[in-house]
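Below you'll find the structure, written out as structure tokens, and then a few comments.
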């Protein structure tokens, strides 16, 4: 099974030494978990993000920042594991779990057959209001999935990996404090907008990424540029 791990942590400046140590910690994790990692990277600051609403027919594009709280998504991984327990064991070793949290979301499926090409990569996190977060396999969900299939065919040259998420009730938040793992049912921050899928897009510039993300059939798309430091 595949799992999306969202890395949630504080917004803070780091000294060069702190940044170097953090990079070392992540490289060590990636070396240890390499066989289970299918994708992953750090995100540029939330201030550089873009929020797209209105859907493909009438997109409204707003520049960030948007975060109202002290903690935001700082990165992601797509993990492959036999079961949730194994995925949570991987997540507890992600450095972010020690200072923030890691949200682990089961994926309905994970499409990796795309050949996305571009000099920059972007995480597009898809959000829906509660009433439009349909149960996987329901007629409503299948109708939306068909629209994503059409988008995938049109944009396949710029998609690197993508997948729909199971409902928030299946998510688990992982924290590590004083060496002890703390598991909480549900996402780290529960709001009226529910994460229900993601794409990693590859384009040659920011404007192209925004134009592409605006075509995704979702109520809300949060677009963040990836730093490229992970090597995945």
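Placed from the backbone N, Cα and C atoms, the Cβ positions cover glycine too.
Listed in TrEMBL for this protein:
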DOMAIN    15-108  domain 'YCII-related'
DOMAIN    140-218  domain 'YCII-related'
Summary of DSSP states over the domain 'YCII-related' (140-218), given as helix, strand and coil counts: 30 helix, 30 strand, 19 coil
Write out how many residues of the domain 'YCII-related' (15-108) are helix, how many strand and how many coil, based on DSSP. 36 helix, 32 strand, 26 coil
